[in-house]
Amino acid sequence: MSARLLGIDLGTSAVKVLLTTLDGAVVASASAEYPIEQPQPDYAEQAPAAWLRAVANAVRATLVQAPTAPIAAIGLSGQMHGTVLLGADHQPLAPAVIWPDRRSAGEVQEITERVGPERLYAITGSPVATGFQAATVRWVQRHAPALWRRVQRILLPKDYLRFWLTGVFATDPSDAAGTLLFDEARCDWSDELLNLLEIRRDQLPPVQPSASISGRLCEDAANALGLPVGVPVATGAADTACSLLGAGVIRSDQLLLTISTGGQLVQPCETVRIDPQGRIHTFCSALEPGEGRSGWYQMGAMLAAGLALRWLREQLYEEPTNVSYDQMMRLASEAPPGADGLLFLPYLVGERTPYMDPTARGVFFGLTLGHRRSHLIRAAVEGVTLAARNAYDVLRELGTTSQHIVLAGGGARSRFWQQVVADVFGTPVQGLRTAEQSAAGACILAGAAIGALDPVEAAHTWAHYSSLVQPDSDRHCFYQERLEAFRALYQRNAGHFGP
């Protein structure tokens, strides 16, 4: 039996595990959920121990489906930006602060003012935002100094998982870039930013290539997962970087729109391209720069995409877990485009692109007695898609010429949502059929780390797509008008959303 690759994607609400062959065929998969805790307004935390339990459960559930498959290597993917603080005993000192957390708005302003926006973008490629590690660490320094004095290590979520798996501290360029402590041109931690924020370099993990072996499975983790000791563990990459690999979107003329908990519109690029207005993030990819390899990507980030649909489902149904998203999409398709005048701003946890506004809030505008569930759901789908269109227009302003979108995540499985994206963007759309593309990208990096495959070739051959969906010209014109109303609704309410 040929060797298998195991990809672990430590997501925001669940871990997804994928077992594949070396040519990308999926052998088995499983997932396990964990909650986002909000002990106070604006907080978003998770227990690192809950991640480890979920990983162990999901890996064991995967292996049960293919018990005799030898595992050649493990690859890692994970949610970006989060902060895990370890003490001298290498145990977490507090819950992990994850990317939707908004407590650090004051620290975002402080960092931006002290560094200067232009200098910050030049070093990191991005504006700092709440939930990013730089802002979270600064918040801890200011508001929990006793805790900060005990901090010996600062890790990202997937890198804490790696430490548990291997006993090795390490990270990769794509995840390090999302901390806003990283010099993207030098591909190393920024001494300028570390000195400014009073962070020691030895508190941060060494940076290694994504497609390298960072360590091997240790005995405790091996026993928990049901795997042999010594399996190689690849360095891996941030979930968005892995998603690009798993979706086969690695050229600068391609665009990937992912609708998961949040939403991301991503374009690979061959050089560091920076938005001088700070509306778009530029991060390192999982590929080392070179011929045919886009070493960076630009990303427009929407904080609530699938999250907005999940929230709406919880409000509309007494037993929300008994209602599938497919059912919701079928119901939404019964309402006309524009949902009979109902407009939705999906800013339930603030928004990044293009506003970088943690105070933004969600809005249903134009409600009447004639609106039904179908209208509310359709308005939510359209609102999330219009928010993504905001990011697309920024990328076009910065020079993108791509005229084709790959749609991934939950939205990719809905032909209805594919059509809405095509109509709103005015471009052809293909849904990604590859299951769990971030975990698939982690598998690709695992195979590359042991020399079993070429990541560029695998990215091209592993991805599978649905048939092309063409935009309807009349609906596109209609949505152009809705886009203007969508933007005006935010602009007229900005500053009035409250804390």
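Here the Cβ of each residue, glycine as well, is placed from N, Cα and C on the backbone.
TrEMBL labels come from automatic prediction, so no person has curated them.
Lifted from TrEMBL, the feature list:
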- ASP239: active site, proton acceptor (ACT_SITE)
- MET80, HIS81: substrate binding site (BINDING)
- 6-246: domain 'Carbohydrate kinase FGGY N-terminal' (DOMAIN)
- 279-449: domain 'Carbohydrate kinase FGGY C-terminal' (DOMAIN)
- ASP9: site 'Important for activity' (SITE)
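Neighbour density for ASP9 (site 'Important for activity'): within 10 A of its CB lie 30 other CB atoms from the protein chains shown. Taking a C-beta cut-off of under 8 angstroms and a sequence separation of 6 or more, MET80 (substrate binding site) has the following same-chain neighbours: TRP99, LEU156, ASP175, GLY178, ALA238, ASP239, THR240. Cα separation, ASP9 (site 'Important for activity') to HIS81 (substrate binding site), rounded: 15 Å. DSSP classifies MET80 (substrate binding site) as coil under the three-state reduction. Sequence-distant contacts of HIS81 (substrate binding site), defined as residues of its own chain at least six apart whose C-beta falls under 8 angstroms from its C-beta, comprise ILE98, TRP99, GLY131, PHE132, GLN133, LEU156, GLY178, THR179.
Counted within 10 Å of its Cβ, the other Cβ atoms near the residue listed as 'active site, proton acceptor' come to 32, all protein chains included. Under the three-state DSSP scheme, the residue listed as 'active site, proton acceptor' falls in the helix class. In the three-state DSSP assignment, the secondary structure recorded for ASP9 (site 'Important for activity') is strand.
In this model, the domain 'Carbohydrate kinase FGGY N-terminal' (6-246) carries an average pLDDT of 96.
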